[in-house]
Protein chains: 2
Amino acid sequence: MDRKKNISMAVIKRLPKYHRYLMELLKNDVDRISSKELSEKIGFTASQIRQDLNCFGDFGQQGYGYNVKELYNQISAILGLQKDYNYVIIGAGNLGQALANYTRFDKLGFNLKGIFDANPKLVGIRIRDIEIADIDEMENFLKSNPVDIGMLCVPQTSAQKVCDILVNGGVKGIWNFAPIDLTAPEDVIIENVHLSESLLTLVYLLNEGK
Amino acid sequence: MDRKKNISMAVIKRLPKYHRYLMELLKNDVDRISSKELSEKIGFTASQIRQDLNCFGDFGQQGYGYNVKELYNQISAILGLQKDYNYVIIGAGNLGQALANYTRFDKLGFNLKGIFDANPKLVGIRIRDIEIADIDEMENFLKSNPVDIGMLCVPQTSAQKVCDILVNGGVKGIWNFAPIDLTAPEDVIIENVHLSESLLTLVYLLNEGK
């Protein structure tokens, strides 16, 4: 896996899309696919696909295309999906509940271990067999339950505080939905989903050239 | 606004972030900021910031920095926020409800005009004074109500069908949360929020170099 180093962010960002398309192909019992056919489906050029996959090793045979199952397994392994991940959700409003109900994450090997909220009206409610706990209990919870990923669905004003508790509790991955750029030590990975920014990009493109 | 043409997607994707930071500065009554100070806050280099903003016109004065309010107004205008947008939400599950409750969108000039769902248990429920309507009513609704943006929070299997109804109804912007790449005419802008792909990027980065 030495080739994993120095892979550009652009390639990394495309990997999950390959993963999704290959999963679809597997579901539809497709055994083999050429970079040209894959290109038509996924919307990247065939040469882009060959280049991307070459970053990670020798996939596919000239003239025979890719073995879908093998490529799917390899990309899963590259993404780190050969093992499971434990996650907690902080903020059990609509967005937190939406994430808690995403069974898609289960299938990818993500295990929901806890849901936390500061709102006493939500504490005690069960979502998928997990009782929403008081946010004040999270620090202790993390001491006895190893958690890989914290999904932050709290308001902007409390996001950094919650992030600090997660980091102190040994959580190395933060999936942040709050519209704020969090501060954390270098070995903690923060992936942001800034919804307003995505919407504003849409609006810019709607007006472009007008 | 001729300079708007040929702006790279990378610059466009950074604009909403400038917008968010400038809004924060305005809230905190900051009048003036240098590209160096803005750089420290926003995390782009000062030269990157100067380059980005130069794409759109002459902002800032050498040695005096940027007038925050003016820059905010200009970036709002570049993004197209000088006017309002009407939107509908399709799919009133947790995610759709989360979006319906985002008052942040109101402040940016987005007006929620309708919520649609296929589930009879949800139809008739009110969210923020809007009654969830049956998805079958959307086609007619669009005939008499101009809508700019459709937010797609339906399952993957019905996403394309709903997208087609929106497009036929004259909607030019689709904000798509379903894990599928939609097909639409060229003049329709589709902005995807593929949550699973964002999560898989996080997992890749968590494992990188290990």
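Backbone N, Cα and C define each Cβ position, glycine as well.
Since the structure is predicted, the reported quantities are computational estimates derived from the model, not experimental observations.
TrEMBL annotations:
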- B:17-56: DNA-binding region (DNA_BIND)
- B:GLY91, B:ALA92, B:GLY93, B:ASN94, B:LEU95, B:GLY96: NAD(+) binding site (BINDING)
- B:80-181: domain 'CoA-binding' (DOMAIN)
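Distribution of TrEMBL features across the structure.
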residue	record	contacts (Cβ under 8 Å, 6+ apart)
B:GLY91	NAD(+) binding site	B:PHE116, B:ASP117, B:LEU152, B:CYS153, B:VAL154, B:PRO155, B:VAL162, B:PHE177
B:ALA92	NAD(+) binding site	B:ALA100, B:ILE115, B:PHE116, B:ASP117, B:ASN119, B:LEU122, B:ILE125, B:ILE127, B:ILE132, B:CYS153
B:GLY93	NAD(+) binding site	B:ASP117, B:LEU122, B:CYS153
B:ASN94	NAD(+) binding site	none
B:LEU95	NAD(+) binding site	B:CYS153, B:PHE177
B:GLY96	NAD(+) binding site	B:ILE89, B:ILE90, B:ILE115, B:ASP117, B:MET151, B:CYS153
Checklist entry - Near chain A, which of the binding-site residues B:GLY91, B:ALA92, B:GLY93, B:ASN94, B:LEU95 can you find when the cut-off is a Cβ distance under 8 Å? => result B:GLY93, B:ASN94, B:LEU95
Item to check | Local confidence of the DNA-binding region (B:17-56) - pLDDT mean | outcome: 90
Checklist entry - By DSSP, what is the split of the DNA-binding region (B:17-56) into helix, strand and coil residues? => result 28 helix, 2 strand, 10 coil
Checklist entry - Tell me, by DSSP, whether B:GLY91 (NAD(+) binding site) is helix, strand or coil? => result coil
Checklist entry - Do you know the DSSP helix, strand and coil residue counts for the domain 'CoA-binding' (B:80-181)? => result 35 helix, 29 strand, 38 coil
